[in-house]
């Protein structure tokens, strides 16, 4: 079996690219569906009901993340990165052919199940093939898949829905997932693992007797709320409150996702240079609270000249924590537990995403966007003291 030092640099980076592509296809499927909210509400569906429908991929993802992590720990990354995207393709094509909203919800749920496969597996490929002093950068690049996927969804799905209909728009993430399945079948190689030591012949449980991983999971859940709020409702806020066209709002959301991708890479480089994932994570939590509070004030006063730049800044800041937490979990959990560790990590975050759309949709209907933004600022602030002081 090849080792980290024996595999070629080009091969290592090519697998990183494949991991990004696979994860981006999942992000388009899971986080791109909220961009169908305007089309659904224009049909007379309430925002809360439409939010429940577009959250189905996230629900499917949440229900299977830990199971996929267990499978990754048992059989490796290669097979998982082929099977999951293939399931997304099949579910997406089926979703495009149905007229019933109940059937659509079922197939979106199944697609979310397939999307869950890439979360832990693509991360493990990167942590497994890159040395420690490059993991922050590599994982930062890998984490760009999520905002890039959201950006692709924002740019393509509303436009395709407007031009060709709702069903055709659902095919966008499905076809991307099919391409990812083929690419991973050809290009992914399972990373090496050390021999298991100890009397039991089983790897030690990193959760036993140590709260570090659990605290990172809780912090990530809290910080996912401002991030998910902007991902889900920024397009709608720009369109309905600020008065922008859907096309212009989609372009701005896409720009923020591209900038967010750069922010994740920068955070990874920062963590490599300071040899810490958790110190930068704490700083980002503080910045997220400040930026969301500022956005709440600007939205409340209708200072659009300030609100738009603050929205861009907050959209970047609130996504930069993911790569740091993800890398910390993978490093602390180790090669025999990182699949499950990353599964738990993503389950918590995506469980929040699943309930966020209907709950915050109802909150926005009752209290408005400024109150919702302020609530997310308070939640981000609550995460700051929970960040562990040092990783093990």
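Placement of Cβ uses the backbone N, Cα and C atoms for every residue, glycine included.
The domain 'Major facilitator superfamily (MFS) profile' annotation in TrEMBL covers 12-392. Per TrEMBL, the feature transmembrane segment maps to 48-68, 80-98, 172-191, 212-238, 244-267, 279-300, 306-330, 351-384.
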Any contact between the transmembrane segment (244-267) and the transmembrane segment (80-98), i.e. 3 or more CB pairs below 8 Å with pairs at least 6 residues apart?
no
Take a look at 80-98, 172-191, 212-238, 279-300, 351-384 and tell me which one has the most Cβ pairs under 8 Å to the transmembrane segment (306-330).
279-300
Among 80-98, 172-191, 279-300, the stretch with the most Cβ pairs under 8 Å to the transmembrane segment (212-238) is 279-300
What mean pLDDT does the predicted model reach across the domain 'Major facilitator superfamily (MFS) profile' (12-392)?
88
